[in-house]
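For reference, the structure discussed in these notes is given below.
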Amino acid sequence: MASTEALLPVTSLQDPLSESRSDQIPETRRRRPIKVHLAVYSGLLLIALYVTLIVTHDGSKAEIATESRPRMAGVSEKSNDGVWISSDDGKVEAFPWNNTILSWQRTAFHFQPEKNWMNDPNGPLFYKGWYHFFYQYNPNAAVWGDIVWGHAVSKDLIHWLYLPIAMVPDQWYDANGVWTGSATFLDDGSIVMLYTGSTDEFVQVQNLAYPEDPSDPLLLKWVKFSGNPVLVPPPGIGAKDFRDPTTAWKTSSGKWRITIGSKINRTGISLIYDTTDFKTYEKHETLLHQVPNTGMWECVDFYPVSKTQLNGLDTSVNGPDVKHVIKASMDDTRIDHYAIGTYDDSNATWVPDNPSIDVGISTGLRYDYGKYYASKTFYDQNKGRRILWGWIGESDSEAADVQKGWSSVQGIPRTVVLDTRTHKNLVQWPVEEIKSLRLSSKKFDMTIGPGTVVPVDVGSATQLDIEAEFEIKTDDLKLFFDDDSVEADNKFSCETNGGSTARGALGPFGFSVLADEGLSEQTPVYFYVTKGKHSKLNTVFCTDTSRSTLANDVVKPIYGSFVPVLKGEKLTMRILVDHSIVEGFAQGGRSCITSRVYPTKAIYGATKLFLFNNAIDATVTASFTVWQMNNAFIHPYSSDDLGVPSST
């Protein structure tokens, strides 16, 4: 079985730092007007002070129940918000980051604002020749707060133009933030946008907005409905547990239907509402779905996938050849879980195909097994596909973010379809347009024996696209299966098994990206094969960031999961490397891992790529191609500049 002996030249393996998150932040309440009445009774010289608290809320606000409690940290909060500054009390000493290192961390082809904080993707859509992307944005700092809707447009989902801010918190019903929302195309092609507002009393309500000028392909100006809010927390739902409306879909009765995430005690739930005009709503007594002990469901998504085709489906499509996906972002764990199941339109309910891997269950399915949260899909009618966006937060300290002046990126948009071979999971793949950034390429065919580390000569290794196939030598597989001393291992975990330094008979093997020449810094992305039940192979796909940087004030987890490998399939992976972000896709996208890494030595020209096989017994053949990647064209829009490069 596995040995902890490592042949890779590495530094001592440290336990990954645990991510910490403050569950509560202080709430600053708006001061209410106070009238002070002073009555002086003549002859007695007694002064009585009467203080009357007068609340001047309008009628619609008075209908909203509020709770006097601390504001809960929601999707928008940075997960590792501690600042490590000394080792005297057991905390990790902060690394002396400098501008040279921090400048290198900024990505070249992932979307991010010019500066400051960004989180959830909002309301993505394709309209009059442009892809629109809205996002949670703080225009004032590199930390969460003052949330508005940023806005950018693209012709191809890769090259972007920043547009003016789309919506700001300028009304009582969104005074504390214009939070996450979704777009819906109506039957006549017009657009409505539902979004969550955090009121001046920190109550979460749903609001309606629409384009001021539908003829404008850039959708520069948005109008908020005069009757907002259109939905308030219903009885039994906490004032701060009611957020993130989905894209609406058409029911068989012709009404529009949306779902909104919430919780009741520790049960995560998805509320259902019907509407005909997006201004008035009918709440269903039943829930679309609920799962006990999963906590608050944020950024719920609900959409159909085809059982037979590899194209995407409009959100309203239903029928016998369709399955439906529910995704919820778990506030407690910061993980995006999904499940596949059957939707009953008449009852407005959904049931999972496999209850043992229901939404939010720890052994259930995830979009991504790394740093990926608050995701949102949309149907791209331009190319007949469903596109997934996901927020990739930082794993460094907030102090480092402030120093570099920005925080967070978005993942490369992915297509999403049902795996028509397994019928049990989704497959995600970077949109085809990313290939337009490929520059020079090199092809390699290598056979690497046990304990081998091989440098891969590709020149600069900061911006790469790698596609690879691996095969384990047949004789080694036969010996492995025939060895009765090797027991089945169905509980192998990338996170707890020692990472890429833990040696087994058939792994780990893969690539070390963002490595320095001496491998003191490296981020291995790899497969590990174990014996499963009934003489089958179990394959796990992992990313080990525990040695990605010499800095200690960084969270450095080991990510991974089992990945289905069907009979006759080779082991395949694709890796996108873009400075401080690594995105890995195994078996055509059945398993995905996104990581944030912060090298201090493996930067600029010192960044290297290695192929490794740290197995004890197996010889592995690797066939792969490595492309250098160009920069994406991402800059502010001007009326004189419409020449955006396009791959379409």
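Easy rule for this one: first residue shown is 1, then count along the chain.
Positions of Cβ are set from backbone N, Cα and C atoms, glycine also.
Per Swiss-Prot, these features apply:
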type: COMPBIAS; residues: 18-28; note: compositional bias 'Basic and acidic residues'
type: CARBOHYD; residues: Asn98; note: N-linked glycosylation site
type: ACT_SITE; residues: Asp120; note: active site
type: CARBOHYD; residues: Asn265; note: N-linked glycosylation site
type: CARBOHYD; residues: Asn347; note: N-linked glycosylation site
type: DISULFID; residues: Cys494-Cys542; note: disulfide bond
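A map of Swiss-Prot features onto the structure.
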{"residue": "Asn98", "record": "N-linked glycosylation site", "CB count, 10 Å": "10"}
{"residue": "Asp120", "record": "active site", "CB count, 10 Å": "28"}
{"residue": "Asn265", "record": "N-linked glycosylation site", "CB count, 10 Å": "7"}
{"residue": "Asn347", "record": "N-linked glycosylation site", "CB count, 10 Å": "11"}
{"residue": "Cys494", "record": "disulfide bond", "CB count, 10 Å": "25"}
{"residue": "Cys542", "record": "disulfide bond", "CB count, 10 Å": "30"}
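Cα spacing between Asn347 (N-linked glycosylation site) and Cys494 (disulfide bond): 41 Å, rounded to the nearest whole number. When the recorded positions Asn98, Asp120, Cys494, Cys542 are ranked by how far their Cα is from the Cα of Asn265 (N-linked glycosylation site), Asp120 comes first. For Asn98 (N-linked glycosylation site) paired with the residue listed as 'active site', the C-alpha to C-alpha distance reads 28 Å. Separation of the C-alpha atoms of Cys542 (disulfide bond) and Asp120 (active site): 25 Å, rounded to the nearest whole number. It is 28 Å from the Cα atom of Cys494 (disulfide bond) to that of Asp120 (active site). Secondary structure at Asn347 (N-linked glycosylation site), as computed by DSSP, is coil.
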